Amino acid sequence: MRKYFGTDGIRGKVGTTPITPEFMLKLGWAAGQVFKENDKKILIGKDTRISGYMFESALESGIVAAGADVRLVGPMPTPAIAYLTRTFRASAGIVISASHNPYTDNGIKFFSAEGGKISDELEERIEYFLEQPMEVVESSQIGRAKRIDDAAGRYIEYCKGTFPIGLQLSGLKIVVDCADGATYHVAPRVFSELGAEVISIGVNPDGLNINEFSGATKPELLRKNVLAEEADLGIALDGDGDRLILVDRHGVVRDGDDILYIIANHLMRTGRFSGGVVGTLMSNFGLELAFSETGIGFSRAAVGDRYVNEKLMQHGWVLGGEPSGHIVCRSITTTGDGIIAALQVLRAMVEEGKALDELLVGLVKFPQKLKNIRVAKRFVPNEEPTLQKAIAVANERLNGLGRVLLRASGTEPLIRVMVEGRDNDTVDELVEYLVEEVNSVVSAKADT
């Protein structure tokens, strides 16, 4: 049983265990112990939140104290660290980020030498060393740290290289929202160097404003800019660049389900698709129906890009993602990458000569409503008898024409309640009913 690692690394509020300088020092040392056995080089990147600089120094100190070398790349998107870990032949990559969360949170995510998430076994080995006394190697064996100055340029060229040489984005006006996060100095350049007219927002990070007013979780500012600029497309990335949400020319926000539909169908129409698509338990039932009508296989994974990746590898498929905007194109990259996913959508638009909304004809989504309930004590909803009964009641009401999902968040102290069906009123009623039932369980647990 892992003590610190959750479904997406280690995450929490800055200054609260384990997101403290003391813990990061020890974590760096523990990681150094694990990864120096293969190669002494560990890559460290971060997003733009102010605490990242503090934790970068702590991790660096711990790693070199264990006798491993460090390569520092500064603020870079999470998928860029996955790519750079591979190209620098590092034994591991570390990202300091809390993704779409506010600046008051931070976290740590590890990548393997191949650019994928590290295994549960490696996480357990790191946790083993976290419980051991920290011992510094002899002075002659202390690791060395170097800063990589051309990391951004390397990643920009990699992203551009995934777009066909014969295609240009000339004539397209695109608003790019970087959430004042890690993509602020790379995403606008990728799209402009491919020929697009780019209007950039969310590109002035100050350490405190990451994800605050814009980005993939707050697309309203992007929507307003797309309409005001009469742009062809709006691209919203989250703070670490692994999520993508789009806004079409009419100001309609398009999520990860829409993106999967566009990419999969374009691959199918151009003869480059095989296998199926992996979604999650949160993927809209309408997406599943649309794929079945076009002969595209569909499989659901647990929520989290880690589980999407695992399911893709199980099936031998290459495309998967989540409604939240994590899109994995395994034929191109090893992890969710917002810029790469946006380029795949743009390729479909250019090659088919269609606007974003025109590429979505054929996808009819079921009404879906999601509510989050903050809890003091985490619990598994499906193991509670009261909630088991409530789920059964809701499913009976839907009569096979919808879905009910209650689950605990893997990264925050939340219980998520989701209902989808063909009728908005029924969906609203059932969500309120289930929220009331969850709150009764939460209250009962608070009294014990």
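Glycine is no exception: its Cβ is also placed from the backbone N, Cα and C atoms.
Going through Ser61, Ser91, Ser99, Ser409 against Swiss-Prot, the one listed in the Mg(2+) site together with Asp238, Asp240, Asp242 turns out to be Ser99. Within 8 Å of the centroid of the Cβ atoms of Ser99, Asp238, Asp240, Asp242, where the record puts Mg(2+), the same chain has further Cβ atoms from Asp47, Pro77, Thr78, Ser97, His100, Gly181, Ala182, Ala216, Leu237, Gly239, Gly241, Arg243, Gly338. Sequence-distant contacts (6 or more apart, same chain, Cβ under 8 Å) of Asp240 (Mg(2+) binding site) comprise Asp47, Pro77, Thr78, Val95, Ser97, Ser99, His100, Gly181, Ala182. Around Asp242 (Mg(2+) binding site), a 10 Å sphere centred on its CB holds 33 further CB atoms from the protein chains shown.
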